[in-house]
Every structure is written in structure tokens, then in C-alpha cells.
Amino acid sequence: MLFQKEKVMKGQVLAISGIDTGIGKTVVTGLLARCFAETGWRTITQKIAQTGCEGVSEDIAEHRKLMGIDLQEADLDGTTCPYLFRFPASPHLAATVEGREIDFMTIRRSTFRLQKLYDLVLLEGVGGLLVPLTPELLFADYVRDAGYGLVLVSASRLGSINHTLLSLEACARRGIPVRAIVYNRYFEADERIAANTREVIAAALKRYGFGEAPVIDLNTSGLSAEPGDLQRILNPPGQ
């Protein structure tokens, strides 16, 4: 266990991960942040680490654009993305190439600072759920040890059933509460595949013990999240 339970009242943290890289995590994080902000929650996003860029995190900049706000002071001072690497690879390798180390407590302290200022922090991961942050620490294990709930981004493209079920199984084995699946329809080519994949994923949520988690569509008009969906994400029934 990396972290001790804190008793200080602070903002909630939700982790955002995906079944693969390039699945739409950044867009989903920004749009979810906007949805929560519009319902009255003071919301900020954070990127656990970013590779392949310099200066301000490109994903954080995209979040702000989608939220309809300017870059914040916490973006410019690195709080919302404590680790930036030029080398475009998994964080553990990018850090090695640049002769640096990722300290999980540096990330945690940055999140604490944001929790003191906001009601809700959406923490976007890197790549998929099992991407290593360091040679010893996977993103999923970081989320588990921090006690965060998780929003998982899936998609309608071929192969998503396998990747999604593997991710749900990894969460179930670790005791990570899956709060929602965002179903990215930008990838769909055949409506029969898209519709069936969504049905299989919804059934899998129940099978793995996440039956209260909504499946929210992402399409060209944005997120199809209803106020009730947002409430279930933040305050799951029975918890």
C-alpha cells in the first residue's frame, strides 16, 4: 500500500483510464470536467505524466480548451502535470531515457494541492490501465493504492470487447471501483458491431460487480451523460 488514508476533508479524485492508447481519454477527461463544472462542481483536471512534449502538457491544454477556460496557474507551474518527458514512450522508459525518476509522492502531493482548491479532480492516466509509471508501479496499482474510483474509456472499434473485459478484470482483481464506462463511438464502422459491443460491455459491468456504473456514449455531439449519470459516478448507490 503506497498511501495512508487521510482524514482531511478535501475534493474527490476520479481516475480516467482507457482500454488502450489513443482511445480518447483526453477528450473524455476534458468533456467530463466541463459537464461536472456545469452542474456546479468546482472541477480541475490533472495528467499523471505526459511524454512526447515540452513546456505545458498538451493534454492539459486540450482539457482547458474542451472546458472552455484558459490555462490555469496550476497548469503553468506544473501542478496539473508533475512529470513531462520529451521522449514519446511509456513513462517508465521515457524517464530512464532522460535520466530521471518518477516519484509517486510528487504526483500525490500535486493532487493534494488541487484537492484543497477544487471539489473534484479528474486524473488522466497514460495509455492503458496497466501502463508502468515506473518499473515497479503500474497505473492501476497507483489508482488502487490511492483509493480512487475509475472511469474507463472504451470504444466501438473491433477488438474493444477483449480489451475492455481485460481492463474490468484487472480492476475487479485489484478492488478498483469502476464508476462508469465512456463508450467512444468515433471509431465505429459497422453499427451491428458497435451496438453488440456496447451490449457485451454493459453485461460485463454487472458480471464483474460494477452493475451500477453507467455506460455513457461519446459521439459527434459530445457526451450523452445525463445528470443522473454524473450523480452515480460521484455517489454510487450503496456506497
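Including glycine, each Cβ sits where the backbone N, Cα and C put it.
Swiss-Prot annotations:
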| type | residues | note |
| --- | --- | --- |
| ACT_SITE | Lys47 | active site |
| BINDING | Gly22, Ile23, Gly24, Lys25, Thr26, Val27, Asp59, Glu124, Gly125, Val126, Gly127, Asn184, Arg185 | ATP binding site |
| BINDING | Thr26, Asp59, Glu124 | Mg(2+) binding site |
| BINDING | Thr51 | substrate binding site |
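Sequence features annotated in Swiss-Prot and their locations in the structure.
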| residue | record | DSSP class |
| --- | --- | --- |
| Gly22 | ATP binding site | coil |
| Lys47 | active site | strand |
| Asp59 | ATP binding site | helix |
| Glu124 | Mg(2+) binding site | strand |
| Arg185 | ATP binding site | helix |
Determine the C-alpha span of the ATP site listed in the record, that is the greatest distance between any two of Gly22, Ile23, Gly24, Lys25, Thr26, Val27, Asp59, Glu124, Gly125, Val126, Gly127, Asn184, Arg185, in Å to the nearest whole number.
21
What residue among the binding-site residues Asp59, Glu124 has the most other CB atoms lying within 10 A of its CB?
Glu124
Given Gly22 (ATP binding site) and Glu124 (Mg(2+) binding site), what distance in Å do their CA atoms have, once rounded to a whole number?
13
Let me know how many other Cβ atoms fall within 10 Å of the Cβ of Arg185 (ATP binding site).
17
Could you state the CA-to-CA distance between Thr51 (substrate binding site) and Glu124 (Mg(2+) binding site) to the nearest Å?
13
Please report how many Å separate the Cα atom of the residue listed as 'active site' from that of Gly24 (ATP binding site), as a whole number.
14
For Thr26 (ATP binding site), nearby residues of its own chain (Cβ under 8 Å, 6 or more apart in sequence):
Asp59, Glu62, His63, Glu124
Lowest local Cβ density (other Cβ within 10 Å) among binding-site residues: Gly22, Gly24, Gly125, Gly127:
Gly22
Greatest C-beta neighbour count within 10 angstroms, which of the recorded positions Lys47, Thr51:
Lys47
Taking the recorded Mg(2+) site as Thr26, Asp59, Glu124, identify the other residues of that chain whose CB atom sits within 8 Å of the mean position of the site's CB atoms, giving them in sequence order.
Ile16, Lys25, Thr29, Gly30, Thr45, Lys47, Gln50, Ser57, Ile60, Glu62, His63
